[in-house]
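Straight from Swiss-Prot, the features:
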REGION    1-222  region '2-C-methyl-D-erythritol 4-phosphate cytidylyltransferase'
SITE      R16  site 'Transition state stabilizer'
SITE      K23  site 'Transition state stabilizer'
SITE      R148  site 'Positions MEP for the nucleophilic attack'
SITE      K201  site 'Positions MEP for the nucleophilic attack'
REGION    222-378  region '2-C-methyl-D-erythritol 2,4-cyclodiphosphate synthase'
BINDING   D228, V229, H230, H254, S255, D276, I277, G278, T352, T353, T354, E355, F359, R362  4-CDP-2-C-methyl-D-erythritol 2-phosphate binding site
BINDING   D228, H230, H262  divalent metal cation binding site
SITE      H254  site 'Transition state stabilizer'
SITE      T353  site 'Transition state stabilizer'
Amino acid sequence: MTETVAIIVAGGRGQRAGAERPKQWQMLLGKRVIDWSIAAFVDHPQISQVVIVAGDELGDCSAEPKIIQAKPGNTRTQSVLSGLAAATISEDATVVIHDAARPGIDAATISSLIARLQDPSVSGAAPAMPVADALKTNSGQSWTNVDRTGLVRVQTPQAFRLGEIRAALSAAGPDLVDDLTAIEAAGGRVEIVSGSARLTKITYPEDFDMLARLLSPTGAPRIGKGYDVHEFEAGDHVTLCGVAIPHIAKLKGHSDADAAWHALTDAILGAVALGDIGDHFPPSDPQWKGADSGLFLKEAQRLAEAKGYVIANCDITVICEAPKVKPHREAMRARTAELLGLPLDAVSVKATTTEGLGFTGRREGIAAEAVALLMPKG
């Protein structure tokens, strides 16, 4: 069978989606929009390479041998050509080009497109859906109905042969609608396969909600809440979210007494009804003496994933008069996100006081609360 490479184009600005960050880097059901497409192509048995055309926002993908990164161009066509140049395949190999802003790609659509390119008379294939809404055009003076007969909404991914699509795009003008148009302009025969609402391109803010409903796996999200308290004892720092914060005392506990991570561990365990931190790491067990609370947090994550749930986001609140948490807040967020493998914007850390009331007001210790949202694995 002919070798097939996927090219994911992720260089767009996505300004109409209504956020400061381009849509492909925003979160959808617990992971970045682009990660949905990456997973679909990496996991497909007929895809030998996945070329991702993106800037530094992509991050390190070196652990996945299928992935190659290419730099984006100034236009979409230039970005696609950059991806084609990075692919290490023959001229007659199949390429499947996909917009990163369409997270609903599925294995069946990929397979259908690849199958169409096995016919040597077919130069391009794409999914499309019939136009369901009434259409009108404005002549400048009045609105006129447009006949919908034969009209479709073309989506991605779109499949071609490497040599043909490279030549077609190189010859295309600046007003190219999509890659399929370039093949048609070059005289190639194209075929349409059945599209899906799941393949809708994220363009406007409301598209996120619509696709979240379509892509949500079976099962409801889970929410857990955790709370922890530790008193002060003689020492020179406290540990919160794995970050050592200088102080005139330390927190007393069997482990490292990281109240913030203990609360988050309980929140994760509670979300999947697996008891609390004391059930899994009892203070009576000497093996946990002085232990790094990151071990507890990672084990809670592992147990949740074993039950079919992944962490979508978490929110931690530290309650104390001292030390001042705000100067260390970003480091605490970063350390938690790194440990759990979450995007930074999926982790919130806040701090507050009790206005001098209670044991925290008397500076006798620190309390922490955490809330975690877990989603069924997609």
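First residue shown is number 1, and so on along the chain.
Glycine is treated like the rest: Cβ placed from N, Cα and C.
Between the CA atoms of D228 (4-CDP-2-C-methyl-D-erythritol 2-phosphate binding site) and T353 (site 'Transition state stabilizer') there is a gap of 15 Å.
Taking every pair among D228, V229, H230, H254, S255, D276, I277, G278, T352, T353, T354, E355, F359, R362, the residues recorded as binding 4-CDP-2-C-methyl-D-erythritol 2-phosphate, the greatest CA to CA distance is 30 Å. Near T352 (4-CDP-2-C-methyl-D-erythritol 2-phosphate binding site), with the C-alpha within 10 Å of its C-alpha, lie none of the recorded positions K23, R148, K201, H262. Taking each Cβ in turn and tallying the other Cβ atoms within 10 Å, the top scorer among the recorded positions S255, T352, T353, T354 is S255. Separating the Cα atoms of R148 (site 'Positions MEP for the nucleophilic attack') and K23 (site 'Transition state stabilizer') is a whole-number distance of 30 Å.
A straight line from the CA of I277 (4-CDP-2-C-methyl-D-erythritol 2-phosphate binding site) to the CA of H262 (divalent metal cation binding site) spans 7 Å. Note: H230 (4-CDP-2-C-methyl-D-erythritol 2-phosphate binding site) has non-local neighbours L251, K252, G253, A257, A259, G365, I366, i.e. same-chain residues 6+ apart with C-beta under 8 A of its own C-beta. Of all the recorded positions in the list K23, H254, F359, the shortest Cα-Cα distance to H262 (divalent metal cation binding site) is found for H254.
Burial estimate for the recorded positions (K201, H262): highest at H262, by number of other CB atoms within 10 Å. Proximity of H254 (site 'Transition state stabilizer') to non-local residues of its own chain (separation of 6 or more, Cβ distance below 8 Å) is seen for P283, W288, K289, G290, given in sequence order. Apart from D228, H230, H262, the residues listed for divalent metal cation, the same chain places the Cβ atoms of V229, L251, G253, A257, D258, A259, A260, W261, A263, I366, A367, A368 within 8 Å of the centroid of those Cβ atoms.
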